[in-house]
Amino acid sequence: MGIDFELLHKIKGVIECPSPDKDIRRFDANLRLFPPFLDNDMCPLTIKNTLLQSCYLRNTEWACGVAVYTGNETKLGMSRGIAEPKLTAVDAMIDKLTGAIFVFQIVVVIVLGIAGNIWKNTEAKKQWYVEYPNESPWYELLIIPLRFELLCSIMIPISIKVSLDLVKSLYAKFIDWDDQMVDLETRIRSHATNTAISEDLGQVEYILTDKTGTLTENKMIFKRCCIRGTFYGNENGDALSDAELLNAVSTGSTDVIQFLKVMAICNTVVPIQSNTGVISYKAQSQDEEALVRAAASLHMVFVNKNGNVLEINFNGLLLRYEVLDILEFTSDRKRMSVVVKCCLSGKIYLLSKGADEAILPLARSGQQTRTFSEAVEQYAQLGLRTLCLASRELDDDEYREWSLMFKEANSKLVDREWRVAEVCQRLEHDFEILGVAAIEDRLQDGVPETISTLRKAGINFWMLTGDKQNTAIQIALSCNFVSPEPKGQLLLLSGKTEDEVCRSLERVLLTMRITNTEPKDVAFVVDGWALEIALKHYRKAFTELAILSRTAICCRVTPSQKAQLVELLKSCDYRTLAIGDGGNDVRMIQQADIGVGISGREGLQAARAADYSIGKFRFLTRLILVHGRYSYNRTAFLSQYSFYKSLLICFIQIFFSFISGVSGTSLFNSVSLMAYNVFYTSIPVLVSVLDKDLSENTVMQHPQILFYCQAGRLLNPSTFAGWFGRALFHAIVVFVITIHSFVFEKSEMEEVSMVALSGCIWLQAFVVALETNSFTILQHLAIWGNLVAFYAINLIVSAIPSSEMHTIMFRLCRQPLYWTTIILITMAGMGPVLALKYFRYTYRSSKINILQQAERLGGPILSLGNIESQSRSLEKDISPLSISQPKNRNPVYEPLLSDSPSATRRSIGPGTPFDFFQSQTRLSSTYMRNSKDN
Amino acid sequence: MNSNTPSSSAGGIGSADTTGARRNSKRPKYSRFTQQELPACKPILTPKWVISAFLLVSIVFIPIGVVSLYASRDVVEIVHRYDTDCIPADARNDKVGFIQSPRVKTCNRTLRVPKYMKKPIYIYYQLDNFYQNHRRYVKSRSDQQLRKTGSENDTSACKPEDNNGMTIVPCGLVAWSLFNDTYNFTRNNQLLAINKRGISWKSDRDHKFGKDVYPKNFQNSTLIGGAHLDPLKPLSEQEDLIVWMRTAALPTFRKLYGKIETDLQAGDFINVTLENNYNTYSFDGKKKLVLSTTSWLGGKNDFLGKAYLTVGGLCFFLATWRSIIFVMESESRSLNKLLTDILVNAFLGTT
């Protein structure tokens, strides 16, 4: 406004603004300054005049401003929202199991409490040496149950939470440290913001991905164009080197020059000239930058922007244009326009560019737009992004009249956006269509491979994009998202009205159900409009479709629709992963079970909101197959093991209560109990964070193995029952052997307690060793070092005269009886476990076992066909176990000692080696399950 | 037309080349731990491995079992139950009444030595169905009080035998119910000396029971539990009490009474004069007198030997069974292969 610097502090005025809201795209306010500066002239303030909290101001050294909202009332503060804490499926399962154990504990306490009171009233009364008083108040009845409650409280391992937190943060660190997930171009490392949900990565079933910037590089390059019906760049695929176009530019073809002018002017790009004279462009939109660059290389160089005046250098000729108004791009309007005045001729032009459906219908009557729509069609087929360029010369009067309306609309407080759009509409008509520009957005490295690998791992992909349907489909084809005909089939779900959508939906569903029995890649394609209707009115049918379909392409969807789709899949009990790079993906990323952000060109917004940020889409394979899978396996073992060891010691206490008059005597002293949970048993198992059942290469080559994680095969009630059984069995072994070896004169309390405790320690060390798949030096240190530490600690405690167990450990260690008992406990406890594990390994070997075998015995990994035939020959001698029923996602019955179960098996023909997760069975079973739920 | 379809392969190669050089400059210090690539040994359950493990266990276990069984067999043990026999015939209907009455309870028993018993011969008393591990019982003691004179009044844990007007030393149910049967042995009318020194743990005498703590006010209340203590002897010398205070974890237990320091010949008859004072009748407990020698493994107990033999035997069985199957399988596999080859050759005529 040209106010003097000294007068700045004297400005007085009023800002009328709406009450704080969380819409960061809108700020409809007015500024009114008091005299003497400007008389009551309303000055519209929009989001363009606004700086949001924690924004960076660029390209200027200073700015004057007024704080409008502060603190939590800022737009960012309002929209911050409380990020829902994410709970992994594994955690949910652990919680469930904890609940079950709690119920079991209560039952045990009640039963033992009643038994204890009965024993007390019958037997204990006769035992004079216990001196039970003859009469006691009623609440004495509660004492024995309470004692048992105290005794059984260790049944629920408290240490599990601590251990899990510890290992989870280590999983996250492994992701941060991973050298193979560093983007070498941008030097961005992968980062796990949320350290608590790594296990979920291994259980992902659906990946919802953004297209631009996620699958593609978001590096726009102007490739082709069609100017007035002439196609450029079709021969060599690059219009910039098309001799015909260069020729047209040098001969000064009006159409071409006009086209180039729109390319260079109709944008919000800021050129920055460095000292060496090289011009670089700063643009909010990658498309605009691509256009300006292309124009520059065609000798229409956008040199300078001085206030509102643009300088264009065309073949050495300096053209100046004054920008009068900018009609902003919005996702509803799908076009943007500028009104410029040529400084030479004084003529006013409206220059527009936008999506074909937003421009072509507005062509002046008489102009044929067919060539352009054909061009758009053709370019979209190639997966290029298209922009239609148009212009119109305006009368001075028309402009002046419109300008007033525009200003008025811009200073509206209510519905400003809508009003502005309406006013813009009034100017944007009768276009002279100049041509179509096609911009290529290259696929990122390794995207097709990533998608096909993860698809093999049984993960379903949905693409959610704001782009055109055709572009989306082309990208989908080029990155293995959908297979080309005849293998793949695309089902279009479209329609503008409820009826149309309904009919279309039914048709798609019908086809989907039929083709489910065929090994065919079926995907459905839906656009934002039909999606809106489907979600609103036919939610149930659409949900069914979502369950049936492994692949979907949703185009023209808004950020909130993306989030709704995530919500829909989550409501069907699927684990979803959303990956995106831009601000429009933030909601989807936050909504999904796992949000992955790509720290790309569209800034860090998505990466900040996400649980994991990676540099490139292809790192997703490693993130899921390596980190997710290992995390799941490790946590599954660690959590169940924690229950096992607590149950083991608790069962022994319960057994002991039967030979101690059900009085609630603790066999173990409190120090041992505490050290057992905190120390002896938690340290060896912590190193299971380094365990790898299969090498990374094997997993990458056979991604199907992820199925075990997805279906929760390693941690579910039946595997837990196995661990429960193991705890019971081991408790019986320890208890029975102890009380039969240390009998009569040796049945001294402290000694018996120490023998039982050492038995538990030895057993658990061997259990950890048996369940460990790969021993590094750290594992050996932790497992065997822990045993040594156990003896060292107990010997030290035994040396303290005032301790309860003074000299006990020295006495025991000198006795051959002690050592023979311990060896017996260990072997009697581990022998059956080893035998059962071995039998399952040979006769009911899971695919993990087969791969382990191949990996470790075969040197170079055998082809899977060989593995299959080998395993089948082993299967011959047992009863026919092949189950023809479809594989259920729900865990099935597992025998004792389950850790990597594969109770259902299907006989696999030689023709389909290793294809054990045939899509249709899985789908139909999940479908059946879900329809039941509904 | 299709020449310009976005394809990743071309781009992939290009970018790999340009970034290859930068690789080293950016990478942080490589560590096998951070990359989860520590060298690891990855055993799997191969038949050979499992069979040899089981075989090894059986090879180790069976000899140990045999040796333990022999050790247990070498122990000579005389167990004599006397609780019923030592009640006079007229009082057998009311055993509890008899034991609580002030009648003379001396009782003579004769034991026959079945085998040569080498000294030292340990004398135990064995109680059955006696819950020394009952929570109420096992907690009812004060280790502080036993150790130091100063902590005499530290009797909070000892209820209900903590004081009877004055503090009881040693307090608590455990001490109160001290076993009080006594035994005297004669062989051929010659008294067999019983050594009652050193029957308790040395560490208990030195550290747990004070040398300057004397019994006080013990068994003075109306309800008398078990044995009385010599108030002139410090607790550290009351070895019967020290033994008794080491509570047993099982309801059937033996406690050392003394040692006989002479050899006993096979066929010797030993007369035992015992004072049958202790009341096990109210809870149907048994009382036994046990004379036993020891082996390197302790007393007579076949359990360990039998368990070792069982586990070893099972392991051996498992190992043999698995190896037979393993051999058969590999043979049938090669046989199958041979047969297929022959058939293929016969039908197709290929060589």
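Placed from the backbone N, Cα and C atoms, the Cβ positions cover glycine too.
TrEMBL annotations: computationally assigned, not manually curated.
Lifted from TrEMBL, the feature list:
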type     : residues                                                                                                                                   : note
ACT_SITE : A:Asp210                                                                                                                                   : active site, 4-aspartylphosphate intermediate
BINDING  : A:Asp210, A:Lys211, A:Thr212, A:Glu288, A:Phe329, A:Lys353, A:Arg385, A:Thr465, A:Gly466, A:Asp467, A:Arg556, A:Lys562, A:Asn584, A:Asp585 : ATP binding site
BINDING  : A:Asp210, A:Thr212, A:Asp581, A:Asp585                                                                                                     : Mg(2+) binding site
DOMAIN   : A:607-844                                                                                                                                  : domain 'P-type ATPase C-terminal'
REGION   : A:878-917                                                                                                                                  : region 'Disordered'
TRANSMEM : A:97-119                                                                                                                                   : transmembrane segment
TRANSMEM : A:647-667                                                                                                                                  : transmembrane segment
TRANSMEM : A:673-690                                                                                                                                  : transmembrane segment
TRANSMEM : A:720-740                                                                                                                                  : transmembrane segment
TRANSMEM : A:752-770                                                                                                                                  : transmembrane segment
TRANSMEM : A:777-797                                                                                                                                  : transmembrane segment
TRANSMEM : A:817-839                                                                                                                                  : transmembrane segment
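Everything TrEMBL records as a feature, shown here on the structure.
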residue	record	CB count, 10 Å
A:Asp210	active site, 4-aspartylphosphate intermediate	30
A:Thr212	ATP binding site	26
A:Phe329	ATP binding site	20
A:Arg385	ATP binding site	23
A:Gly466	ATP binding site	22
A:Arg556	ATP binding site	21
A:Asp581	Mg(2+) binding site	31
A:Asn584	ATP binding site	22
A:Asp585	Mg(2+) binding site	33
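Using a Cβ-Cβ cut-off of under 8 Å to chain B, none of the recorded positions A:Asp210, A:Thr212, A:Gly466, A:Asp581, A:Asn584, A:Asp585 qualifies. Considering only the recorded positions A:Asp210, A:Thr212, A:Phe329, A:Gly466, A:Arg556, the residue whose Cα is spatially closest to the Cα of A:Asp585 (Mg(2+) binding site) is A:Asp210. Most Cβ pairs under 8 Å to the transmembrane segment (A:673-690), among the stretches A:97-119, A:647-667, A:720-740, A:752-770, belong to A:752-770. Separation of the C-alpha atoms of A:Gly466 (ATP binding site) and A:Asp581 (Mg(2+) binding site): 13 Å, rounded to the nearest whole number. Proximity of distant same-chain residues to the transmembrane segment (A:97-119), defined by a Cβ-Cβ separation under 8 Å and at least 6 residues beyond the stretch ends, is recorded for 141, 144-149, 152-153, 155-156, 639, 643, 647, 654, 657, 661-664, 717, 720. Per-residue pLDDT, averaged along the domain 'P-type ATPase C-terminal' (A:607-844), amounts to 89 for this model. In this structure the alpha carbons, written CA, of A:Thr212 (ATP binding site) and A:Asp581 (Mg(2+) binding site) are 8 Å apart. In the three-state DSSP classification, A:Asp581 (Mg(2+) binding site) falls within coil.
Looking at A:Arg385 (ATP binding site) and A:Asp581 (Mg(2+) binding site), their Cα atoms lie 18 Å from each other.
Between the alpha carbons (Cα) of A:Asp581 (Mg(2+) binding site) and the residue listed as 'active site, 4-aspartylphosphate intermediate' lies a span of roughly 7 Å. You'll find the Cα of A:Asn584 (ATP binding site) roughly 9 Å from the Cα of A:Asp210 (active site, 4-aspartylphosphate intermediate). Cα-Cα distance from A:Phe329 (ATP binding site) to the residue listed as 'active site, 4-aspartylphosphate intermediate': 21 Å (rounded to the nearest whole number). Cα spacing between the residue listed as 'active site, 4-aspartylphosphate intermediate' and A:Arg556 (ATP binding site): 11 Å, rounded to the nearest whole number.
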